[in-house]
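Student: Below you will find the structure I want to go over with you.
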């Protein structure tokens with residue numbers, strides 16, 4: 001399994017798009033930081049810090065693109081044959097891809113937090129990371145907790161993207177479906193809150209689970225979601241496991 | 001010792017039966033050609049052996065251990081190139097090999113053997129068809145496998161590369177590596193293969209040695225004489241089988257037939273201007289076998 005994960009990371013590391021996306025991310029972070037410096041009334045320096053200078057929004061698209069292409073790429077280039085005919089089972093191959101994506105997600109999150117801290121210390125020395133935001137969170141702790149909660153909900157979307165990407169043999173098509181799907185999911189997630197009010201049993205639908213990061217900082221959202229933070233956390237985990245398991249089963253039976 | 005054993009393999013795609021009771025064994029260190037018309041089931045057999053597609057019934061054993069669609073462990077010592085080379089275009093040739101190689105020394109060795117040094121550090125996306133084919137073959141050979149399965153390996157290769165590959169396959173077979181090769185370039189297969197498996201409409205119709213296959217083919221004597229019409233009458237009257245009169249083409253059924261025919265013509269004052277001896281070839285033998293066998 002370690003060999004497979006190393007192979008997957010090697011491919012990601014060697015892709016030009018990985019390094020281009022890092023440069024784009026840095027340009028956007030620095031761009032928004034400079035805007036916040038020039039127009040602090042429009043771009044609040046403290047709020048922009050908590051979003052990683054808007055890097056976390058971009059990260060969702062990066063992760064969708066990576067998840068969509070990690071399987072479809074193999075079919076597009078015909079390299080799936082090289083992977084499958086070796087001694088490794090299909091199960092090990094897909095699990096190694098999940099683990100690689102998880103490592104990739106965490107690496108991005110660490111990078112965004114470190115770069116945001118550097119930008120803050122250079123451009124916004126007056127922003128107080130220890131300032132109290134209520135509900136027991138400071139600026140720094142809320143950023144970290146919300147980032148981790150976002151990672152969980154993003155993985156709910158990624159698990160769907162991975163499942164759908166099993167249906168495609170072309171990376172571009174899979175990425176397009178993934179990104180459009182994430183927009184649709186966000187829109188429907190808003191609608192979900194209204195439906196839950198009308199039919200409370202709908203509170204267990206996966207779209208409602210996406211409200212988890214918002215509810216951490218705004219506990220009053222429980223009136224919309226009708227679920228506690230623990231229920232939202234567990235619900236996300238259960239859906240991720242179920243959807244990944246469905247993707248696992250589909251991949252188990254894919255022929256070349 | 002048998003390295004590969006396929007037994008009663010059956011496969012269907014929907015209602016279409018593509019493999020019917022395919023059974024064969026391959027001994028270690030042999031080069032076996034898998035031949036047959038397009039759509040006969042050659043690639044499907046190879047994919048089944050490699051666990052790339054699933055089959056309805058049958059067993060496949062590699063080095064004495066069963067392998068299947070879900071359990072690939074016996075394929076550790078197998079290398080393959082199926083249909084077209086699977087390459088990551090954003091990686092260099094070297095990195096494509098390094099990704100699957102068990103050691104850097106193995107990469108260096110195969111790159112040198114296939115004469116790929118001049119371009120191996122360039123990205124595979126920029127390679128020509130022949131370069132990609134060579135890299136695909138190198139990927140199959142890089143870990144010095146015991147069994148190598150090659151589907152149309154000569155595709156897109158220039159004459160020098162074909163010769164290099166032929167020499168390498170022969171050298172590896174001499175060291176104990178077994179090859180199962182499908183190819184439509186029969187002249188190349190004739191130079192390489194020890195044994196042949198002929199497949200038609202999902203059934204094996206011949207499993208024989210190359211020598212036996214070539215012996216099936218008729219040998220011809222082709223003559224140009226000072227008087228072809230008279231020569232034709234003479235040999236026909238003498239009981240020889242003539243398949244064409246222009247040029248005069250006689251089936252050679254015994255090894256001393258040439259001397260007898262030349263002597264006959266000489267005795268009748270017919271001068272032989274040109275003489276050709278046409279040996280049997282795989283193409284002719286195979287086409288004969290395929291035409292004879294009704295599936």
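Backbone N, Cα and C atoms are what each Cβ position is placed from, and that goes for glycine too.
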Student: Of the residue ranges A:20-40, A:209-229, which one carries the transmembrane segment annotation in TrEMBL?
Tutor: A:20-40
Student: Ranking A:20-40, A:52-77, A:144-165, A:172-197, A:232-251 by Cβ pairs under 8 Å to the transmembrane segment (A:98-124), which is first?
Tutor: A:52-77
Student: Using Cβ atoms and a strict cutoff of less than 8 Å, what residues sit near the transmembrane segment (A:52-77) while being 6 or more residues removed from its termini?
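Tutor: Distant Cβ neighbours of the transmembrane segment (A:52-77) are 8, 12, 21, 24-25, 28-30, 32-33, 36, 83, 94, 97, 100-101, 104-105, 108-109, 112-113, 115-116, 119, 143, 147, 150, 154, 157-158, 161-162, 164-166, 168-171, 173-175, 177-179, 182, 251.
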Student: Could you name the stretch, out of A:20-40, A:144-165, A:232-251, with the greatest number of CB pairs under 8 A to the transmembrane segment (A:172-197)?
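Tutor: Selected stretch: A:144-165, with the most Cβ pairs under 8 Å.
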Student: Are there residues at least six beyond either end of the transmembrane segment (A:232-251) with Cβ under 8 Å to its Cβ atoms? List them, or say none.
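Tutor: Sequence-remote neighbours of the transmembrane segment (A:232-251) are 71, 90-91, 93-95, 98, 152-153, 155-156, 159-160, 162-163, 166, 204, 206, 208-209, 211-212, 215, 225.
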Student: Near the transmembrane segment (A:20-40), which residues from the same chain, at least 6 beyond its ends, have a CB less than 8 A from one of its CBs?
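Tutor: Counting only partners 6 or more residues beyond its ends, the transmembrane segment (A:20-40) has Cβ contacts under 8 Å with 48, 52-55, 58-59, 62, 111-112, 115-116, 119, 123-124.
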